[in-house]
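Record features (Swiss-Prot):
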| type | residues | note |
| --- | --- | --- |
| TRANSMEM | 47-69 | transmembrane segment |
| TRANSMEM | 90-109 | transmembrane segment |
| TRANSMEM | 129-148 | transmembrane segment |
| TRANSMEM | 153-175 | transmembrane segment |
| TRANSMEM | 195-217 | transmembrane segment |
| TRANSMEM | 238-257 | transmembrane segment |
| TRANSMEM | 281-303 | transmembrane segment |
| TRANSMEM | 316-333 | transmembrane segment |
| TRANSMEM | 337-356 | transmembrane segment |
| TRANSMEM | 368-387 | transmembrane segment |
| TRANSMEM | 418-440 | transmembrane segment |
Amino acid sequence: MACSVDTLAPFLGPNTTNAVAAASYICNQFSGVSDRFVDTGYAIDSTYLLFSAYLVFSMQLGFAMLLAGSVRNTMNIMLTNVLDAAAGGLFYYLFGFAFALGGPSNGFIGRHFFGLKEIPSNSFDYMNFLYQWAFAIAAAGITSGSIAERTQFVAYLIYSSFLTGFVYPVVSHWFWTPDGWASPTNSNLLFGSGVIDFAGSGVVHMVGGIAGFYGALIEGPRIGRYDHTGRSVALRGHSASLVVLGTFLLWFGWYGFNPGSFNKILVTYGASGGYYGQWSAVGRTAVTTTLAGCTAALTTLFGKRILSGHWNVTDVCNGLLGGFAAITAGCSVVEPWAAIICGFVAALVLIGFNMLAEKFKYDDPLEAAQLHGGCGAWGIIFTGLFAKGEFVDQVYPGKPGRPHGLFMGGGGKLLGAHIIQILVIIGWVSATMGPLFYILHKFKLLRISSEDEMAGMDLTRHGGFAYYHEEDPKLGMQMRRIEPTTST
């Protein structure tokens, strides 16, 4: 709203000089107040994005607990989670943020903001880096689960740095920046719609899952995972309690992952001052996220009960996370009832891919490739089917009436764009992470020796087990410091 001296002065009285002076004073004051409101709006949006970044970062603790509970080598897997965050932070600062969001640029890769040079800018501030970094290390954390318990430490360092510094940022540039060739905010939309991968079923989950697939495939299964007849042998993790704790921490963090991807909350839809705005869409996104995860958890519970004959808490946790991974693409543009469909099918996808993994003797300790890669791909297809036109126009304004979900009367163009997204992500990650893992394998930098693997990486590579147990029954469980010994 603007204040005009010429418009306001006639209402202040017949004395023209005083009226003009008074109007000028009032308009100046009004302008100052208006500027403060603008500043307040920026502050609210910045606080919202920062809080969302903190939630997404807390997912690293969830990953750590989930991984620690699902495997036997606790010290090793905890160290790799810390490494993912630390190495990812440095390399995303140096290169990743620039490759992802460094516009103006071409449709393939960004070329500004290396080392956060020229930040803050008109487009981005420091909180954007923090939020995007949290996403990048989430992708690296997904990959670490697939290659757990048999991978050398140097391999973790190399793949994590490469994934967060180059592979993931390029994909996020394609789909999340105005310059990206398939972005829904590009001036030249792919198939007239662009790709709607709102919070990253493809950008984050498929990238991390496919990278993990190649790592686990090239390494081969863990020793003892299949017996001499080829029959599957369950290598259970050491703590179901940590699995459940990690799952709930990830659930909590997902409320920053999906709703936080709006980046702003103080946006009105329609006339200013209405009760319906982006804050409502944020709430709807949290609801769709919740419903998809809950439905997937229950479907997996009963599905696995039918197949295996027992109730398994780990299966339920993985099903829940599979539902979250699937809804991440379309969480902001689908109705709550559609999220239930998303979660139901995501559970079936997860169960189906796990059966294929067993058949082909593929060993992924966390089911990360099946969960994040498979369910992420389904989430992209789901969005192409169920994205609602009204919600799409609100979340991606500027080009009303663009193609939306096939089952919602929006035609098949969005679905076609999403199929292309799946194919290019598979191709890109295959062309980058596949050769990287193969080179590490050829140089004997990928897998540990069979002796170390059988003895346990915690003992052979990390100085001892994560837990100390005193064999004397009178002492029970206790913790103590173990001093290093020197050989004579």
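Every residue, even glycine, has its Cβ placed from backbone N, Cα and C.
Remember, predicted model here, so these are calculated numbers, not experimental data.
Between the transmembrane segment (418-440) and the stretches 153-175, 195-217, 368-387, the greatest number of Cβ pairs separated by less than 8 Å involves 195-217. Contact between the transmembrane segment (368-387) and the transmembrane segment (281-303) is absent: fewer than three CB pairs lie under 8 Å, with pairs separated by 6 or more positions in sequence.
The transmembrane segment (90-109) makes no contact with the transmembrane segment (47-69): fewer than 3 of their CB pairs lie within 8 A, with pairs spaced 6 or more apart in sequence. Counting same-chain residues at least six beyond the ends of the transmembrane segment (153-175), those with a Cβ under 8 angstroms from any Cβ of the stretch are 79-80, 83-84, 87-88, 90-92, 94-101, 105, 107-110, 132, 135-137, 139-140, 143-144, 147, 181-184, 195, 197, 200, 202-204, 207-208, 211, 215, 421, 424-425, 428-429, 432-433, 436-437, 440, 445-446, 461.
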